[in-house]
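Listed features, source Swiss-Prot:
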type	residues	note
TRANSMEM	3-23	transmembrane segment
TRANSMEM	51-71	transmembrane segment
TRANSMEM	79-99	transmembrane segment
TRANSMEM	115-135	transmembrane segment
TRANSMEM	138-158	transmembrane segment
TRANSMEM	169-189	transmembrane segment
TRANSMEM	195-215	transmembrane segment
TRANSMEM	221-243	transmembrane segment
TRANSMEM	306-326	transmembrane segment
């Protein structure tokens, strides 16, 4: 347990020191920074804010986790594959950010390129992590999926990777939402006695808390796709490594809601010839523009943050209650 806590503290301190250095480098190199393409007026002031800050906490968490797991003889297959997903999905995000920031290609990687790399990572993860005989845990039941488990695994990894990416739309929202989700999985890992996975979880929590110091409103840096895609993949990988896949639907309700809002909006728009359900999606922008109803007073970013964090916290507590109190 001491090693796991140490991982979190060390990663927190590295990120706390690393982010200011990253921002300073960004400014000195006169890199353009974040481009704003959203129809939210208050976001236009964010244009030029350094992005790709996720690179700092990602490298810190991966290196610290690897070294401490190696030192404490906890470098298991599961740890290795969770770190692999962090690195590969982080690389996909890095390439996406690089094309946007340095090559001025607004869409970054095209969807097919991004999906191909994410699927490749998913296949490798499936082949090498310690899976439970292709069994899918649903509450207290075990469903044998056989060869179809790989389809589920790919859907889970790619889906939640992109879902967290959609959530990263206002200052601090994604970073603390993921801290809450990881904290719930930290409890599950501890109860299961999987201290190896707990080490990686606490390392990333430390990195995200260090990052949040500079990412809360008004954000001095954004995590970019390099951070958000890696974090989403990590959550999916951890849920599978702990054999509690179903829990991510509740623990990750914020990401599910964000993604569902986009799917509903696009479908309804096409079916009705231009009508919308929400003012704007992902749905956090709907609240920014007009509160819960979309027609009321606009919510500040802090208010949206606390609302979503509250939902995520309640969902995480509900999941733990279902697992251990019912």
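Using the three backbone atoms N, Cα and C, a Cβ is placed for every residue, glycine included.
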Contact ranking winner - 51-71, 79-99, 138-158, 221-243 against the transmembrane segment (195-215), Cβ under 8 Å: 51-71
Proximity of the transmembrane segment (169-189) to the transmembrane segment (79-99), 3+ C-beta pairs under 8 angstroms: no
With Cβ distances under 8 Å as the criterion, find the stretch in 51-71, 115-135, 306-326 that has the most pairs with the transmembrane segment (79-99). 115-135
